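Data block below; observations after.
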């Protein structure tokens, strides 16, 4: 979804975050030098208007979680110091183009939905996280057994290695490797994908990815005690005595700087997984 923000004569607050690769540091240095003495920009990591992530998709994921409490304000833009990444609009050779884009910026943004994850333990404690890509729950010993509910109504009793829930943009990540569908981000929905489910005469699950619309909730109730791993993007949590994990579309969204260089979703998919097709 693309929206237009109100323009302002104030200087743009810009934060720059880079991974440790030499090329990323060189790009960051070029941006610092360009912005440092420019009256249109103010370099700060506190309450930025625009966050520039330099590296790859992993770096942008880390930057997203660093600023997840400021999503209403900040817009992201990615520079990939290598080949084109899924969340990046600019290559390291296009720094001057990015600077010019920000100089002419009108505040326009493109927004994508996020995943809300709520973990509740048997003692009543609960913890909430958000994900840009996906979350997955697995049992650390033996097979995971869990009841899966949709809007608090039992849908299936699952047996297998685990379950993954992805956002539309995350549908191209771990979800795709599990055989899930690629979902366009304008479709505000979640995708539930099974991880090595057991299907035989005793245990039966749907065995297919499930698309759940925006206002519905997925709840997973583990039916066996033990240690469970809950991964949320690039973060991992290990807990015992998990009562339930709830997945839903978050009220917040991640926003990217909208420009002529913002690659369309299907073009990103083609470039990431298919590449140029020879005639």
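Cβ atoms here come from the backbone N, Cα and C positions, even for glycine.
Swiss-Prot lists 57, 58, 133, 134, 159, 161, 172, 173, 174, 175, 176, 177 as NAD(+)-binding residues, and of the candidates 72, 189, 196 the one it assigns to that same site is 196. Considering other CB atoms within 10 Å as the measure, the emptiest surroundings among the recorded positions 57, 159, 172, 174, 196 are those of 196. On the backbone, the CA of residue 176 (NAD(+) binding site) and the CA of residue 57 (active site, proton acceptor) stand 16 Å apart. On the backbone, the CA of residue 159 (NAD(+) binding site) and the CA of residue 57 (active site, proton acceptor) stand 32 Å apart. In this structure, the binding-site residues under consideration are 133, 176, and the one with the smallest number of other Cβ atoms within 10 Å of its Cβ is 176.
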